[in-house]
Amino acid sequence: MQSERQKYIRNFSIVAHIDHGKSTLADRLIEATGTLTEREMDTQVLDNMDLEKERGITIKSQAVRLIYKRNTGEEYTLNLIDTPGHVDFNYEVSRSLAACEGAILVVDATQGIQAQTLANCYLALDNDLEIVPVINKIDLPSARPEEVKQEIEDVIGIEAEDAPLVSAKTGLNIKDALEAIVNKVPAPEGDEKAPLKALIFDSYYDSYKGVVCHIRVKEGTIKEGTEIKLMNTGKVYEVVEVGVFVPNYMPVDELKAGDVGYVTASIKNVRDARVGDTITEAKRSANEALSGYRPAVPMVFSGIYPVDGAKYEELKEALEKLQVNDAALSFEPETSIALGFGFRCGFLGLLHMDIIQERLEREFNLDIITTAPSVIYKITKTDGTLIELTNPTNMPSPSEIKLMEEPIVKSSIITPSDYVGAVMDLAQNRRGIFKDMQYLDTTRVSLNYEIPLNEIIYDFFDALKSRTRGYASFDYELIGYKDADLVKLDILLNADVVDALSMIVPRERAYAKGRNMAQKLKEIIPRQMFEIPIQAAVGAKIIARETIKAMRKDVLAKCYGGDISRKRKLLEKQKEGKKRMRQVGSVEVPQEAFMAVLKTEE
């Protein structure tokens, strides 16, 4: 059922490929509806982390309430929920979409449909949203709006004939976009008298208010003093404040079915208010939670260690603070012989990992060393137990392993047809299995591959961009596990295993990878006073070796002429000393060495 009030509400989000102008369009909508004065307008209002502005990406979902007056005098409340565009934050996007009834699909008029346009669009369709295509960047000379419209109709299969043609940069035709939202996005429904059901689509920690939950009320009413219960954790809290975003907080008396806003209830930790959870009243609970909740599952793991061992506690505090705001981040203490005490951290994907590392360095001024990222392998041992392996150092000996499985992703790559050969070559090199390909139009092709996650985890995206001159776009999702013949590759320096450099590789590639790493390390590790052998080993078998020659003083400099035995005595003495040093000497591994190991593909 729909109340009179709900008829004038529109909840929508904006989805797009990276850099197609989603956050800029959001800025223009905020400006056009007069939500912020020009003085308060800051480019990309909704991206409020420095890192988001710098990288030009949206990391956390944001929401803002716009009041739009039509020429007919009617006033509409538009709730815009800005979503992250990157594949790592797929779950956050899907929850933000579940809070809406419609989605604006922004497509760049110069580039047309890209891989993430499709991925996000399918997510929106999965949530039964009404999709409103908007074509952006029509002020550019290379814009081809008519072709792009045709493409949207052919590839996605939605009507795009009267799609608004806008330029978010110059503010051209923004009114058309607002009209399209009002006309096409359905108004919310839901009974205001029913038991409360509200979806948390984002939550973060504020040092004054505690955890602030961004919610979409689906049914019922929530106001200050209500006792609420989170359905997945079962915890009960009392509401301290409810309000709306303009983008800053503005407390209101109550939020009813159809509204988007925030609620604070002195919750101490984001983990207690998970994205996707359902809020209901403690006394008058809803029968079942809203569907679609799933705990965030990390896909990529990496070790993070302080460069200065004494900073361990500071690193722990920093990670805890980040975790308060980021429920997808997980970490547990681990020790490494080479690096001392640190943490094994789990991330949603590479971008997420990168962002966390950068925030640790930037917001907490920590110097950190990170080890090669790895994925979760499933190992069935000979005695039948199943273990999940996130750290290569913990891999059991080959005699105990019956079966080893690695995660596989389904990836779609959209590329100009000229580069199909290069892309296929790259995918095959990364153990990809070709599934199918389709032409989107005469110039662009979509290729679908199944590739082990381990192969794309580090530099697949960079390699793809460089082979296609930056034109290809890429999107992936995890589809399951598959058995694989994998071995653990160890690196020994001066006959000691450096545990932080161990990695899991396919058996047929172990030799090439080992040789490559040994050569790379030889270039990077500084020379010492004694000779250092660098060895790559699989099990007890050494498969590659390089030697860093010792620095030596010219002990014969003071012998002018003289007997050969005198010179020999001096050289023997030097050799003896170097031998002793090598027994007691230890090798410091510089941070660059860890990074270099990752980049051995080139």
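A Cβ is built for glycine as well, from the same backbone N, Cα and C atoms used for every other residue.
Annotated domain 'tr-type G' per Swiss-Prot: 7-189, in sequence order.
Cβ-based neighbour count (10 Å, all protein chains) for ASN136 (GTP binding site) stands at 30. Summarising the annotation, Swiss-Prot assigns GTP binding site to ASP19, HIS20, GLY21, LYS22, SER23, THR24, ASN136, LYS137, ILE138, ASP139 and lists sequence analysis as the type of evidence.
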Between any two of ASP19, HIS20, GLY21, LYS22, SER23, THR24, ASN136, LYS137, ILE138, ASP139, the residues recorded as binding GTP, what is the biggest Cα to Cα distance in Å?
17
Which three-state DSSP class does ASN136 (GTP binding site) fall into?
strand
Restricting to the same chain and to sequence separations of six or more, state which residues have a Cβ under 8 Å from that of GLY21 (GTP binding site).
VAL106, ASP108, ASN136, LYS137, ALA168, LYS169
In this structure, the one of the binding-site residues ASP19, SER23 whose CB has the fewest other CB atoms within 10 Å is ASP19
